[in-house]
2 protein chains.
Amino acid sequence: MNFLEERILKDGIVKEGNVLKVDSFLNHQMDVRLFDQIGEEFKRRFADEKINKILTIEASGIGIACIVARHFDVPVIFAKKSKSINIEGDVYVAEVESFTHKCKNQVIVSKKFLNPEDKVLIIDDFLANGCALQGLISIVKSAGAEVSGIGIAIEKGFQPGGQVIRNLGFHLESLAIVDSMDYTTGEIKFRENA
Amino acid sequence: MNFLEERILKDGIVKEGNVLKVDSFLNHQMDVRLFDQIGEEFKRRFADEKINKILTIEASGIGIACIVARHFDVPVIFAKKSKSINIEGDVYVAEVESFTHKCKNQVIVSKKFLNPEDKVLIIDDFLANGCALQGLISIVKSAGAEVSGIGIAIEKGFQPGGQVIRNLGFHLESLAIVDSMDYTTGEIKFRENA
């Protein structure tokens, strides 16, 4: 069992509807020391990739992405969920459906920050049905850039997102893959060797 | 002139309507090395405060807050802008009006992450009219906790937010205070000794 799985067992809470609450350390309150360990581990797992940029999506991906970026010494771009008046028209757009918020969003990245030479590591806190991730991949492709890796903190292995992405041949690393959860007992089962 | 002012002059773009675009290094693409310098500087300026928690607001405050948090070795909490189904009812709420997005939002922080013993450093990327900041202060007060400091990357000194907060006696440190901008010439004037 790795450091993140141990932390999930210690502080994660299983709720009805396959909700895993990790808001005490991952996506509301954020344990920056833990993020540093996550960064170190991704650096090890993606050691062979020539990554020059990290892409994530607001909001909860940003903290992890920034700390991970220190280990790669590269800038972070975060995809924005709605059109801000401060973003100009020249943007890459993808449609993203959120499981958590039950809504569709357009996510955008300004064209000037992604170009065909970029080797992009996509970082996010959660992977479930994979809609956010598909949107980010789509944006990287629109730029003609390369998805050199995808680093996820927690994958819900009982939802299809991760399998689809692996089937497509992407180098996806999830630090903890939850294969099942039971809110009546609080039990969480992880996939081995995640 | 400090490192942030120099960077604003180098890469910031002045737009009509008193908009300062710093999206190439601060709030869309994020220069994590720069954030590290910001963290070091805040650590110096708030050296006398016993800070045990950092509070920020999604989305663009999160990256800076996480890197700053490494210098204080404390966790970060980010206030969320809309009610997520993953947040339970037990939250502190404040109303925030956004200058950029021309809308009102409720921001919330789960009660379990702020308590009366906390000495909170509030971090954000921008301070203009101060609505977001007022909401964060209000949340800290609701928890009975103490605002030990407020660290802002860029303050628009020609808008009232910063003055109000200083008048109220808060220890506010803005690393760059823009006193005026001219979009026709691109000129940016900083307050001295910010």
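Using the three backbone atoms N, Cα and C, a Cβ is placed for every residue, glycine included.
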Identity of the xanthine-site residue among A:LYS141, A:LYS156 (reference: A:LEU20, A:ASN27, source: TrEMBL):
A:LYS156
In sequence order, what residues of the same chain, 6+ apart, have a Cβ less than 8 Å from the Cβ of A:LEU20 (xanthine binding site)?
A:ILE8, A:GLY12, A:ILE13, A:VAL14, A:ILE154, A:LYS156, A:VAL178, A:MET181, A:ILE188
Using the residues the record lists for xanthine (A:LEU20, A:ASN27, A:LYS156), what whole-number Å value is the largest Cα to Cα distance?
15
